[in-house]
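Quick notes on the structure that follows.
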């Protein structure tokens, strides 16, 4: 049974929209209802409204976003925190102290969670999510149309793209090498560089071994590991992005697999001595996760995530750090000089392989250990 | 802390509390602090090691079944033994020179030994990187001098780790050795020389045996410290050499296998206690750790 809408009710709806959007607070909303001769009960039954009232009532002092620090703190502040504060009148604080998996587990176990949203990856999301340490992503708040649904996971949702690419020292390597060249130490002697977790390291090994880029998943672990083991004597492994940069810059390695953001900085800092390519790079999602019982409340954590899917902030993050916008609509806003280093621009996406997040989520734990065992034996 | 200590303590005048109660009252704050902030967390760690992921000794069984853990332990022991041996040798020389130097030279030498203790281990590891790397100072100097064609692999391997660790550990060897050598009566050497012993003979038969407690103390101290090394191997090892401390941290921070991580931590602590107990039979621990 649908009643005719009265003008007062329409006013209430405007008020409600203002409330949901955060333009007015709960007290003003209530005052408005009283002035219109309505009670909240009149509007009862609207789930969205009661949720909004609830959220408004428990409006947190701040929402805390944890990442791994460095340049990412000021960049995230400008790209995400400032617009969020302006819109919601809630502070978004960036904590760069490094949310390792163990720290998150310890916090949730101790019921002393201090982070609301965490800048994370698929491996961490899978580990923590399945063990009961995360809130599932609430897609009634996070708008799936603002992102590639392929990277909208149960325990995490994409916030930017990054790519694992091949970089080389152009004084020692002629032309543009391929993954096959990377694993051919006879043709091009010298040290090679891998990331030490195995994540997105098995894909290049398989491509070098002749597997077609669209046939990588499910990954043939044995084959990939054997390929990497075949050049073990010439391999070095990095843990942090800074380390990968240092190993290439100091001429320690002639070729390396590293993140495109670091590769880009290297090319700039070495005046083009280090070169890199998106060709057959592995484009991966950086994802937001929400720890169980976040201090600002799950609704506000997801509200922040949703706000950060707005293109403007993501484009700013690309300009500042090289992170590719997750919102496909952002591509149009990217300035041409940044488009060529944007892993998620359509032409660059076409050159790369899409990371098999689902496969890694199911296998990463076991693989990380196996990879460590392989390199340390 | 035991009854025998009390019995041995000098008897004073009687006050409100009897001696035993007063003793416990004085000890209580420290004991409670220790219990709350040391033993309780330690017991918790032990507890996790037998309850996660499922109750039982499954984690400890992995000590005997997991090739990966065994390899890490062997690597750790090998690096620690080599580090300890090199550190002791160098530390002994430094301590010997220190004891026999003039007071003025001693002050400078001490400064040289102690200053590194105030520099972050991270900074020191990176300093070694700049020295030992492929394009580092040592390799470029050797190449420019025409001594080598290809850079020597001084780093990103166990050699690099040992260099970094020895550098860090030297003060820990020098200090106990110096404390011990200072107390050796120089006249015993003079006597040996006077009785016709050569310099080397007098050193070997008179000085060296008297410095044995210092050597043993320094050895155990350096060895125990080496077992817990984390930053230096992580930076200088090129990611290939996994030592036990880093292995534990990986299990706890990244792989979320707290049961396995705490098991290894507990085992490490137990091993260290056993070493200390064995040491206590040979040297006076209190003296070694500076309690006079």
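Glycine too: its Cβ is placed from the backbone N, Cα and C atoms.
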Which range of B:184-207, B:256-279 is transmembrane segment, per TrEMBL: B:256-279
Of the residue ranges B:1-20, B:21-40, the one that TrEMBL records as transmembrane segment: B:21-40
Folded-back contacts onto the transmembrane segment (B:214-236), same chain, C-beta under 8 angstroms, at least six residues removed: 76, 79-81, 83-84, 87-88, 91-92, 95, 121-122, 124-126, 128-129, 132, 155-156, 160-161, 163-165, 168-169, 172-173, 176-181, 242-246, 249, 268, 271-272, 275-276, 279, 282-283, 288
